[in-house]
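Heads up: the structure comes next, in structure tokens.
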Number of protein chains: 4
Amino acid sequence: MAGNSFGNIFRVTTFGESHGRAIGGVLDGCPAGIPLDLELIQKDLDRRKPGQSAIVTQRKEPDQVEIYSGIFEGRTTGTPIGFAIHNTNQKSKDYGHIKDSYRPSHADYVYDQKYGFRDYRGGGRSSARETASRVVAGAIAKQFLKGIEINAFVSQVGTLKMEKSYLELDLKTAEDNIVRCPDQEMAVKMEEYIKAIKKDGDTIGGVITCVATNVPVGLGEPVFDKLHAELGKAMLSINAVKGFEYGSGFEGVTMKGSEHNDPFNTDGSTKTNHSGGVQGGISNGMDIYFNVAFKPVATVIQGYQTIDKEGNLVQTQGKGRHDPCVVPRAVPIVEAMTALVLADYMLLSRVNKI
Amino acid sequence: MAGNSFGNIFRVTTFGESHGRAIGGVLDGCPAGIPLDLELIQKDLDRRKPGQSAIVTQRKEPDQVEIYSGIFEGRTTGTPIGFAIHNTNQKSKDYGHIKDSYRPSHADYVYDQKYGFRDYRGGGRSSARETASRVVAGAIAKQFLKGIEINAFVSQVGTLKMEKSYLELDLKTAEDNIVRCPDQEMAVKMEEYIKAIKKDGDTIGGVITCVATNVPVGLGEPVFDKLHAELGKAMLSINAVKGFEYGSGFEGVTMKGSEHNDPFNTDGSTKTNHSGGVQGGISNGMDIYFNVAFKPVATVIQGYQTIDKEGNLVQTQGKGRHDPCVVPRAVPIVEAMTALVLADYMLLSRVNKI
Amino acid sequence: MAGNSFGNIFRVTTFGESHGRAIGGVLDGCPAGIPLDLELIQKDLDRRKPGQSAIVTQRKEPDQVEIYSGIFEGRTTGTPIGFAIHNTNQKSKDYGHIKDSYRPSHADYVYDQKYGFRDYRGGGRSSARETASRVVAGAIAKQFLKGIEINAFVSQVGTLKMEKSYLELDLKTAEDNIVRCPDQEMAVKMEEYIKAIKKDGDTIGGVITCVATNVPVGLGEPVFDKLHAELGKAMLSINAVKGFEYGSGFEGVTMKGSEHNDPFNTDGSTKTNHSGGVQGGISNGMDIYFNVAFKPVATVIQGYQTIDKEGNLVQTQGKGRHDPCVVPRAVPIVEAMTALVLADYMLLSRVNKI
Amino acid sequence: MAGNSFGNIFRVTTFGESHGRAIGGVLDGCPAGIPLDLELIQKDLDRRKPGQSAIVTQRKEPDQVEIYSGIFEGRTTGTPIGFAIHNTNQKSKDYGHIKDSYRPSHADYVYDQKYGFRDYRGGGRSSARETASRVVAGAIAKQFLKGIEINAFVSQVGTLKMEKSYLELDLKTAEDNIVRCPDQEMAVKMEEYIKAIKKDGDTIGGVITCVATNVPVGLGEPVFDKLHAELGKAMLSINAVKGFEYGSGFEGVTMKGSEHNDPFNTDGSTKTNHSGGVQGGISNGMDIYFNVAFKPVATVIQGYQTIDKEGNLVQTQGKGRHDPCVVPRAVPIVEAMTALVLADYMLLSRVNKI
């Protein structure tokens with residue numbers, strides 16, 4: 001209710017500020033008996049962590065997760081899984097310049113207005129550092145969802161848009177390049193473009209596409225907790241996200257019903273999939289796919305004018321070590337949130353019938 | 001938890017099938033002391049109701065709301081507001097053709113899979129008839145939100161897209177035409193287009209834009225219940241919605257940080273508003289605006305092939321009285337859901353500080 | 001969250017004031033496919049209704065429930081069940097004497113303080129009339145819980161306490177007398193005592209005992225939502241309840257561990273049942289039994305001094321038609337709340353393991 | 001929903017097993033701006049910790065809390081407060097004897113049934129060790145509740161019952177003896193009795209009474225989330241609790257309405273307080289007081305027969321270092337849970353009116 005929990009049954013609560021002692025969380029409602037491979041958790045954290053390539057922030061954080069509870073003899077026990085990632089690289093002095101002034105298009109101003117003051121170090125709670133906790137919980141969700149495949153990848157950077165359908169590509173190859181785009185030619189262009197943006201001290205937006213396959217029929221809780229509505233909320237809760245569309249999305253607006261409808265095959269599957277795997281808010285067994293729009297990171301390494309707490313105009317300059325484009329590191333976050341929604345809705349679907 | 005409630009404190013629970021005895025709901029958590037104008041509730045219901053113009057379904061339903069509790073001497077009492085709308089025009093026989101077969105891109109198939117069987121009359125619970133209950137609750141929310149203005153309007157039908165910014169238009173004039181588009185010239189084109197689509201027995205998608213002004217700074221509950229994430233979920237929970245974007249949205253992807261950032265004025269407002277009135281998930285006092293994409297209605301009055309419960313191919317034809325384009329009637333629904341989110345988050349913001 | 005919903009998955013939300021148009025509710029999360037016998041619902045309502053015998057209030061209310069949704073062809077559909085009971089016997093004038101003064105040990109004063117004003121007619125929302133909605137939902141829960149037996153009965157009125165163990169009695173015979181006590185001799189004494197109390201214009205307290213048998217092992221969600229904790233909350237939420245104890249209860253305090261521990265039989269059952277069917281917050285398969293203490297009804301038909309809204313002392317007199325002892329009519333309410341808890345926890349237990 | 005969170009807005013989620021790496025939790029919804037004295041938190045932990053006196057378990061655990069987030073420059077920030085207590089004294093070998101057999105009246109059997117297996121070390125999640133996390137959260141709640149006094153104390157051990165009313169005693173003096181009973185003479189008797197019980201290798205039950213003063217009028221969310229119902233659930237969720245009563249409680253059953261009703265003073269206070277500070281589920285400004293019954297600890301240091309996983313009878317003996325009587329150490333836990341309920345309901349009461 002106070003905003004730091006996600007999920008109904010399979011439910012994660014996170015805590016932690018960018019430059020506090022630790023971030024972490026509690027995953028409650030995870031069923032007992034799941035064999036947990038801790039290395040898979042760390043692997044997803046490594047995909048998200050800073051410093052992993054030339055096109056992401058060069059901060060160094062090991063992001064080593066410690067699990068405190070809920071696992072016994074290698075399996076989940078059904079009790080809450082508490083975990084923490086200690087912050088080790090807290091250069092608080094880097095952020096002195098934002099203590100008294102509000103960076104444009106950051107959360108500085110609204111946090112001060114809402115709470116009366118704020119932990120200004122590195123963005124505090126509004127920093128995307130918080131998403132590391134989501135990745136931990138999501139990695140556990142993935143192991144519960146055995147058999148369901150979730151693959152997210154970068155499909156657009158600025159105006160560079162992958163034109164191929166995801167069906168023509170091997171999505172696993174997204175991990176073969178540092179942009180995380182499964183179209184290798186496009187990936188090269190995107191990488192070059194991000195490097196140029198970085199050189200200018202500027203930033204650029206992007207789109208992540210996510211595909212979930214082998215999702216069983218029947219997930220979704222109409223009328224308010226429709227599967228795609230919860231997925232949408234999950235995605236929009238990620239830092240810098242400005243939009244969400246699934247299936248035909250905004251393009252579908254221009255189609256006629258006679259074109260848009262997905263005809264059935266005799267096994268209940270459909271010949272086309274404009275629906276994006278969800279009908280009436282309930283999964284229909286087809287691939288679930290959706291796009292997530294990320295704005296350009298607000299921190300630009302350029303001089304700019306802004307205001308301080310008293311409303312005076314001040315001249316300042318972006319500092320710190322930030323990402324020129326957030327999407328390559330956001331891929332595992334999108335997957336994690338998708339896994340959390342699916343795990344929760346898998347459990348919810350167990351109570352539909354007598 | 002079972003999907004039919006929305007909101008945390010200001011919380012509506014709805015019930016009802018398209019062709020049951022009644023639809024309705026309970027609005028809990030509405031603060032005491034709000035003077036309620038019942039005619040304003042009915043007025044919003046009338047904006048949503050079928051049969052109101054030449055471009056919507058010609059079903060006739062009076063949609064008269066009865067309020068059972070929670071109001072005394074013209075004011076809310078702080079106790080739950082129970083209400084019902086009796087169904088009067090239940091031509092169940094119209095729907096005999098869908099009893100045993102699954103209409104493409106409808107919820108028939110997934111409801112049967114999820115629950116084992118379904119109330120097939122008129123779509124049952126998956127019918128957009130349910131949204132009338134949302135309009136009732138939203139109309140009460142609007143009266144609680146006195147001072148905040150919420151205006152939704154049709155900004156696109158098929159490929160006909162309003163190019164003017166909402167800032168150039170008087171949004172109240174959207175009600176002057178049956179499309180509910182505030183650009184009167186565009187409205188004429190849209191109306192003609194919808195009529196042509198209807199004549200073909202086909203349907204078309206559209207976009208609704210919603211603008212909320214005078215929203216106070218500080219609404220939003222990061223990290224998961226960000227204001228725009230909850231708005232996104234609210235919109236995606238409406239029948240036929242395929243996408244949501246706020247502020248710069250999907251377009252923002254192509255912008256650089258140096259262009260996208262909104263510079264501050266000395267009073268804390270911003271010179272531009274790519275942020276769409278929300279920073280870090282918290283309202284910043286600027287206009288909140290967002291777009292909602294609706295797919296073409298699935299029911300087309302044309303012959304088509306589909307499958308029955310046993311998986312046999314059957315030839316059938318759309319019947320019933322359906323909307324050629326859903327957006328004109330969905331305008332008050334978008335407003336209602338926006339009002340419900342804002343009312344809930346207004347209350348949540350009361351507990352932020354000591 | 002605003003107090004008018006109960007349950008996690010199997011969740012009822014109620015509305016309605018004593019003298020409003022109707023009371024009712026929505027039951028969400030009820031699994032699909034339950035064959036519902038509507039007469040059983042009405043039967044439980046009749047056990048609760050006023051005017052049923054010489055020792056209860058002589059108000060006449062038919063308490064006829066109308067079900068609006070969620071049932072199709074005699075079975076639950078998995079969608080929310082909306083229902084209402086219209087108020088027919090609203091002698092509002094009977095309550096003019098409480099409009100401006102606060103009855104001692106009633107909720108009049110606190111409602112005015114909390115909400116700024118109140119619907120004073122017949123106690124408004126604080127009237128036990130609201131519990132009729134619980135009985136409807138509970139009667140549906142009972143039908144879901146097929147195989148589990150829930151029997152509540154009166155075990156104490158004033159100082160008249162049934163000394164026999166419930167194991168020695170046929171609990172079904174509680175319905176054979178108007179007190180609802182399965183010890184027929186004691187029932188006679190209790191009935192006479194209540195009649196004498198009534199003649200004096202006074203009221204008296206009582207205890208209801210409830211026994212649930214055939215409850216499967218494994219219901220309960222530690223550490224906060226232990227089965228007995230939720231049962232306790234359910235009971236304490238009923239009007240006039242002052243205490244709850246399960247198993248050995250307050251008596252258990254005086255026992256030594258060596259006496260109190262329940263030794264196992266080889267099948268996992270126990271030789272004694274001081275635990276009351278719950279270990280560590282989880283059902284263990286033995287009978288669940290507990291006691292619920294009800295205070296004497298506050299409305300006495302005697303003159304008394306009290307204060308008005310301005311804090312002036314005023315002399316007044318209890319009027320209206322009230323119960324001299326609340327427990328006979330509260331028996332079906334205790335059963336209903338027990339059924340609601342068990343139904344919810346049955347569903348919750350489906351998600352414990354992979 | 002999965003049982004490890006408590007509270008609506010002011011909401012704690014706990015994790016941790018008796019012999020895992022750490023226990024801890026997340027407190028979400030704590031308002032910003034509370035100056036936090038960390039020593040007061042540790043002080044309450046010390047009142048709960050083992051080894052503090054001759055009548056409690058002699059295990060040694062420092063129970064040092066680490067706070068990871070949510071506090072900046074000495075004040076709460078409105079963001080979640082994550083904390084952990086590392087387990088240092090994990091003599092797992094002490095518990096080998098319970099790995100394969102089920103201790104009577106412990107949770108061993110039901111955990112195995114519910115989850116398929118269990119962390120058997122020291123009771124795992126069912127150990128009262130978990131309550132240390134509640135004490136941390138409760139100690140923060142107390143600091144938010146500045147001005148409200150919460151005093152719990154031991155009022156009964158076995159049949160030794162304090163006969164004086166709490167109004168005759170200085171409740172603060174409960175901390176002057178190791179039993180935590182404010183009646184010093186009775187405390188001596190209780191201490192001797194517990195020592196004798198301990199010598200026998202047996203255990204005994206007890207009652208804790210809790211009094212909250214200066215609670216404002218208006219806390220409580222009828223009809224289900226009445227203040228006393230939530231307090232009851234909070235208490236019943238504590239290990240070993242078997243009963244809860246407030247105000248006149250079970251004794252009130254024997255009173256007549258004319259005796260039990262609390263007459264008003266002209267300022268809205270009442271001359272008597274059989275209501276225990278709560279009317280109709282809402283605080284009325286009078287002292288809130290209630291009793292909590294604890295059963296004798298199940299672990300007795302005596303030989304006993306029980307069953308193993310296969311249902312074979314086995315002879316075994318209680319080992320480990322356990323409390324002969326749980327109430328002295330449970331006093332701060334009762335206070336903590338009371339503080340959590342009051343803090344949550346203080347926040348909820350902010351949204352009652354426009």
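Every residue number used here counts from 1 along the chain in the order it is shown.
Heads up, the Cβ atoms here are built off N, Cα and C, so glycines get one too.
Noted in TrEMBL for the protein shown:
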BINDING   C:Arg48  NADP(+) binding site
BINDING   C:Arg125, C:Ser126, C:Ser127, C:Asn239, C:Ala240, C:Gly280, C:Lys295, C:Pro296, C:Val297, C:Ala298, C:Thr299, C:Arg321  FMN binding site
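All features noted in TrEMBL, drawn onto the structure.
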| residue | record | DSSP (3 states) |
| --- | --- | --- |
| C:Arg48 | NADP(+) binding site | helix |
| C:Arg125 | FMN binding site | helix |
| C:Ala240 | FMN binding site | coil |
| C:Lys295 | FMN binding site | coil |
Cα-Cα distance linking C:Ser127 (FMN binding site) and C:Arg48 (NADP(+) binding site), given in Å to the nearest integer: 14
For the binding-site residues C:Ala240, C:Val297, the one whose C-beta sees the most other C-beta atoms within 10 angstroms: C:Val297
Binding-site residues (C:Arg48, C:Arg125, C:Ser127, C:Ala240, C:Thr299) in Cβ proximity to chain B, threshold under 8 Å: C:Arg125
Least buried by Cβ count (within 10 Å) of the binding-site residues C:Ser127, C:Thr299: C:Ser127
For C:Arg125 (FMN binding site): intrachain residues, at least 6 apart, with Cβ closer than 8 Å: C:Gly16, C:Glu17, C:Ser18, C:Tyr111, C:Asp119
Among C:Arg48, C:Lys295, the most crowded of the binding-site residues [Cβ within 10 Å]: C:Lys295
Residues from the binding-site residues C:Arg48, C:Ser127, C:Ala240, C:Lys295 that lie close to chain D, Cβ under 8 Å, in sequence order: C:Lys295
Span of the FMN site, taken as the largest CA to CA distance across C:Arg125, C:Ser126, C:Ser127, C:Asn239, C:Ala240, C:Gly280, C:Lys295, C:Pro296, C:Val297, C:Ala298, C:Thr299, C:Arg321 (Å, rounded to a whole number): 44
